[in-house]
Structure formats: C-alpha cells, structure tokens
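Novice: From TrEMBL, here are the annotated features:
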type	residues	note
REGION	41-64	region 'Disordered'
COMPBIAS	44-55	compositional bias 'Basic residues'
REGION	71-90	region 'Disordered'
TRANSMEM	127-146	transmembrane segment
BINDING	Gly135, Ala137, Val138, Asn142, Ser369, Asn401, Leu490, Asp493, Ser494	Na(+) binding site
TRANSMEM	158-178	transmembrane segment
TRANSMEM	198-229	transmembrane segment
TRANSMEM	284-301	transmembrane segment
TRANSMEM	313-333	transmembrane segment
TRANSMEM	362-383	transmembrane segment
TRANSMEM	395-416	transmembrane segment
TRANSMEM	478-507	transmembrane segment
TRANSMEM	519-544	transmembrane segment
TRANSMEM	550-573	transmembrane segment
TRANSMEM	594-617	transmembrane segment
TRANSMEM	637-662	transmembrane segment
Amino acid sequence: MANTAQLLRRQSSRDIVLKSQKSIDQLELRELRGRLVSKEHGVGHHHHTSLHHHQPLYGATNQGFMSDAFDESSELEQDPPPFGSEASTSKAKAELVANASVAAADQQDIVEGEKEGEERESWDSKIMFLLATIGYAVGLGNVWRFPYLAQKNGGGAFLVPYFIMLCIQGIPIFYLELAIGQRLRKGAIGVWSQVSPYLGGIGISSAVVSYIVALYYNTIIAWCLIYLLHSFESPLPWADCPTRLYKNFTYDHEPECVASSPTQFYWYRTTLQCSESVDLPENFNYHMAIALIVSWFLVYICMVQGITSSGKIVYMTAIFPYVVLIIFFFRGITLKGAADGVAHLFTPRWETLLDPVVWLEAGTQIFFSLGLAFGGLIAFSSYNPANNNCYRDALLVSLTNCGTSMFAGVVVFSVIGFKATATFDRCTEERNGLMAQNRTHNLPVCDLQTELANSASGTGLAFIIFTEAINQFPGAQLWAVLFFLMLFTLGIDSQFGTLEGVVTSLVDMKLFPNLPKEYIVGGLCFSCCLISMCFANGAGSYIFQLMDSFAGNFPLLIIALFECLSISYIYGVRRFSDDIEMMTGSRPNFYWMFCWKYLSPCAMVTILLASFYQLLTEGSSYPAWIGAKGASENQEWPHWCIVVAFFLILSSILWIPIVAVLRLCGIKVVEDSDPAWFPEAELREVHGIVPHEPTELERSIFCFNMDGTEGMCCPKYGLPEKSLEEEE
C-alpha cells in the first residue's frame, strides 16, 4: 500500500510571492484557461486568443505538469513576440491589469469555485504521480504474501484465478477510484458526499479504516528498524544461539534456541519478547517502544518535510525496492538450488483450481495488494490535471503491481530454494553417516519438496526464513542491510499513502479549518504513536495479528462494494462514462461498464460471503509461541479479542448507514461544500465531445433510456445534471 501527495507537490506559490503579484498571476491563469484550443482545429474559443498562436492543451497550464523549460520549448516568432517570453509576458500582464474587470466577467463561468486561496495543489510531474501511486500499491504483501500464496495454492495454476480476479475486480475498482477522484477533485469524504449527501459515510469509513491500518502497519516498520540496526553487527545476532551462564558458572546454549533455531529465537524472544498467550502481556518491551516512536517520527518528518525536498523522497522509497530486488535476483539465481525453488513456485497443480479457497485467496490478494478503498488513490488522483489519462494510469500501475509480485516471487523462492537445498544436503549427509555406522532405525527423513513447501507467510517469511538464508551468504551483513532497508522503504511508502487518505479527508471536511496541514499530520502521528504502545509488550504481536486479520479485511471489501454500487446505481454508469470521456477523450468500453455495474459487485459479495462462511465453519486462531517447546501452537482467540475484532469492523463500516440515516433526519455529519472547479466546457471543446448515443446493447444491459436517464439508478440523490447549453 505509497508516497504521500505532500511529499511530491511543490509548495504553493501563494506562500512565496507578494499578494499584488499573485493577483496578476491569477488573472493570467484565468486568461490561459480561456485560451485553450482544440487539437483538431487549432483555434481558440476566446477573444483573448490573439495574445499568442501556439496554445497548450489543458493540463499544460497546470503548474504540477508544467515543464521547467516550457518557455524554451515554444517556437520563436518575430511578430508578435512568443507567448512565454519576457516581453510577451509583461505585455500580457499589463493588458490583464488594465482590463481586470472585463476578464473576470468574461471568465466567471470558467473559474467559478477557483477563488483566491482555494487552488488545489498539484503534482510536480506525471512521473511523480506514477511513482507515488506505484509505491502506494506495491507494498510488503507483494514480497512476503504473494509468493507464499502462489506455492500453497497450485503454483503456476494460481496465476489463473489471480489474473481473472485482477481483470474483474482489481483493475475496474482501481480505475473507478482514480477517475472519480480526478473528476470531483476532492478527498474520499468530499468525493462521496458530492456524489450524494447520503454517501458521505463511505469517505468517513475509508478514513477510519486507513487510520486503524496505519496504526498497526507502522509496527512492521518498527520491526524493520530493529533488524536494520542490528544488521551492522558482526556476526549477525540471529546467526547463532546465545549462551546462558548458570549458577555453577558453566555456559550452555539457550535451551529455547536449541529447541527452535537462532532466527526463531531472535524473532520471538529477543525482538518480540513473546508471551505464551494474548491474555499474558507480561513485561513492557522498551526496545519495541523506542522503535515505534522513531518510526512514527520518521513518518511525520517525511510527510512534512517532503514538500521542500522537491520529491527526492519518492525516488528513494519507490525506486530503491526495485534496485534491491534486482540485486537479490542476480544473487539468488546464482545460488545452488535456485532453480528448484523457482520451479516449485511456478509448477502448476491444476487440480487446485477446483478448490474454492484458491479463488477466494486470489481475489483477496488482488484486492489488498492494490490498496483499494483506503481513500489514498482518490486523494492522489484529485491532484492530477483534469485531462490526465486515468485509464492508462490504472492499467500501468495495476500491471506493474502484479509484475512486481511475480518478480518478487522468483527472488524469494530462489533464496528459499538455496536454503532448502542446503538443509536437504545436511540431512542427506547425516543420514549417510548413520547408515555408514550400520544404523537403520530412527534415520532422518530427507525430502527436498517438503523443505521447499515449508515456507512461511508474512513476518515468518521475512524475519525467520529469509534471514536464515541470508546467514549462509558471504558478507551476510551487507545482504541483511539491503533486505531490511528494502522492507523499510516498502512499508513506509505504503504508510504515506494510507495516512494521506486520512489527512486529505480531514482537510476537505474542514474539521480544523485554522490548523495548517503540518499540525494535522503531527496530531495524527502523535495519536497513533500513543495507541501503538499496545504493541510494545509480550502480547503485542498477537494484537497485531488480531488487527491485521479483521480491521483490514472485511471493512475494505464492504467499503469498495459501496463505492461500486454508488457509482453504478446512484451517480450512474452512463454519467460516469461521460465524465471519463470528457477527461481522457475516449469513452470506457462495454467491459468496464459491465464490471462496475454487475461483475465487480458480484465478485466482492462472493468473497465476503465465502470469507464469513469460512470464518464461521473453521473459526479463527492465532499462533502462540511456546518457549519451552521452541515452537508455535494455534490457540483460539479469547472472547474479549472477538469483541475487539467486531468493534474494529463495526467502527469502520457503521459510518455508512449512520451518515445516511442522520441525513434523512436533517442532521449533517458531513457539511455540504461547493463542487471543485472543473473545466467541463473547455474539455468538451478540446476533445470534440458530442452527446453519446447508447447502443442497443447498452440500452438492454444497462437500462439506458432514450431521454438520457438510466434505469436501475437513483439520480435524484446525485449532483444536478447540467445540459450542454447551460455549461457553454
């Protein structure tokens, strides 16, 4: 789950220029908006077009996408001076000041809602937006969850349900969130309140679940910091079992470590200080508390200072993980047993396709891997120019995310193959030695496929399996530093995007109208830091698993379901398609409309029902570490944990019906706000948009009526429609 928009957007010019100069710039900006030309005709539609001949399309005037060399790229002309040159700019400003009242009156319909102090920030460049969105979508789940699910659920056969769920659920919802954020130009709360005042609860639910997920997600970053710090030690502290001094002044290895392994002992005993039950928190873990404080401080510093750093942070957090993965790839494929590991990952077992659990886990992985329903994608896209091609962005980011998962799977299982082969060789050597002594009883069983299948998911893969493999590398300290630095950047990247969904929603709601954004970010990080101290004890890892199992699963599925239903049956698929055509110049085809209205909601309902059924029939448990045995045992959640789980789910999704019911009673939880400025008439002229005539298939499938209305829809709760004549 990415980098925050604060990290990547330039500081607004209103903070660095004089008020009088800004007034002139405002008039000039209005003048530029009035002089957009059609790509086909090359003729402006405003009487001020005579100031220049070569006009950029809309979006080029958006400062977030303006090239630093814009003036140099314009063709020089003798008479008149080229627009963008010093002489032309001075002349234009003089004319604009002299005719300020006329220009303001002429452009009133274009800039309405774009008053002084209300300009929306924008991205530094298109590459910044793409890097931030990719960094948000590509997270820890790509590295430590997808490889485990693939080898567990049929190897290469798992890719079949994986890509099917990507096409019918992942990309359509990703496309939907990017498009609606770009069209309505607000955060999640503002977007869904504008779709319908009764739907403001969807945005609040996204903000609440993002807050809860960010709360426990930062714990992973703290764990990575602990391991990163100790990766500089030589030898690595998890390479060998520590020794214990007994009362008779004799030394011996820790019995718990001998019963398990050095990496398991360091993870469960040294780092987590695990208790044997969630009911026994035992001692306070001061090392973990310090790591949590440092991690939240780093998140705050990066989000606040990122504006003045000109986007340097996004290049680090989004690109560095790929650099490390490539390094590990070339290291991994040269190891003995790498081919066996990769073959184990991708060898198809087609019989698993008949198991419904495989399809359930494929759909769940796609959904959470793309970071849907958090509100972060809506917030990111709201800072794009109005004519940005959100369809191309949705395809690019989604396919990049899936490609990263498969590439990470190759990297992980090449290393796991090396570890499994080394274990198999040691087992074989021990077995041959015993047989050479004519011993035929209690011989160890050596099976390479069993070792390959004995991989773990999540924290077990990162902090136990992979670290054990790194121990066997020459120069293990260097590889450990690279690996945990990669996990740190992956985690903090997604953390930025998750918190951005909360921050943007709070700003759009104007709950703290007199507080700068920096103070809102600081308040969020401080409150999360205080609450996250519940993870700094012996039962902290169990509380983490509880929140990860319930807080980030069911609420997000329900929120995404309501998003899809709101667009399809309240805002209207036809109207939504018109908006996308107006922004991108091309209309969504039949497939995307069918997904939004029927296929994606059915897929999410199916996953929800299957998940609830699986939970009721199989129950839910957690692996508790038993130090005396040196192994983990599954234990049922106690009753108070089940109550907490229900509270986490309900506290997120109950906002959807609460806001709607209170609105019916005349109580406004989310205050109404004016629609953000959007150049509808200009975009229609630029793209040459004409009213779309529904095909016979569209009328029958989507219930499009001849009068322009849409059946199976509730447009009365949406925004009032404007006719083309009124817009012009």
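The backbone N, Cα and C atoms fix where each Cβ goes, and this holds for glycine too.
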Novice: Residues sitting near the transmembrane segment (284-301): Cβ under 8 Å, six or more positions beyond its termini, same chain?
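Specialist: Distant Cβ neighbours of the transmembrane segment (284-301) are 218-219, 221-223, 225-226, 271-273, 492, 495-496, 499, 521-522, 525-526, 528-529, 532-533, 535-538, 540.
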Novice: For the transmembrane segment (478-507), which recorded stretch in the set 127-146, 198-229, 313-333, 362-383, 519-544 gives the largest number of Cβ pairs separated by under 8 Å?
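Specialist: Top-ranked stretch among 127-146, 198-229, 313-333, 362-383, 519-544: 198-229.
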Novice: Between the transmembrane segment (395-416) and the transmembrane segment (158-178), are there at least three Cβ pairs closer than 8 Å, leaving out pairs fewer than 6 positions apart?
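Specialist: Answer yes: the transmembrane segment (395-416) meets the transmembrane segment (158-178) with 3 or more Cβ pairs below 8 Å.
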Novice: Based on Cβ atoms within 10 Å, give me the single least packed residue among the binding-site residues Ser369, Ser494.
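Specialist: Among the binding-site residues Ser369, Ser494, the sparsest Cβ neighbourhood within 10 Å belongs to Ser369.
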Novice: Apart from its near flanks, which chain residues at least 6 from the ends of the transmembrane segment (158-178) lie with a Cβ under 8 angstroms of it?
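Specialist: Apart from its flanks, the transmembrane segment (158-178) reaches 149-150, 352-353, 358-359, 362-363, 365-367, 369-370, 372-373, 377-378, 380-381, 390-391, 393-395, 397-398, 402, 406, 560, 563-564, 567, 592, 595-596, 599-600, 603-604.
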Novice: Of the listed stretches (198-229, 313-333, 362-383, 550-573, 637-662), which one yields the highest count of Cβ-Cβ distances below 8 Å with the transmembrane segment (519-544)?
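Specialist: The stretch with the most close Cβ contacts to the transmembrane segment (519-544) is 198-229.
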Novice: Taking 10 A as the limit, how many CB atoms besides its own sit near the CB of Gly135 (Na(+) binding site)?
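Specialist: Excluding its own Cβ, the number within 10 Å is 31.
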Novice: Cβ distance under 8 Å to Val138 (Na(+) binding site), same chain, sequence separation 6 or more: which residues?
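Specialist: Same-chain residues close to Val138 (Na(+) binding site) (Cβ under 8 Å, separated by 6 or more) are Ala318, Pro321, Thr400, Asn401, Thr404, Leu490, Asp493, Ser494.
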Novice: Counting Cβ pairs closer than 8 Å, which of 313-333, 362-383, 550-573 has the most of them with the transmembrane segment (198-229)?
Specialist: 550-573
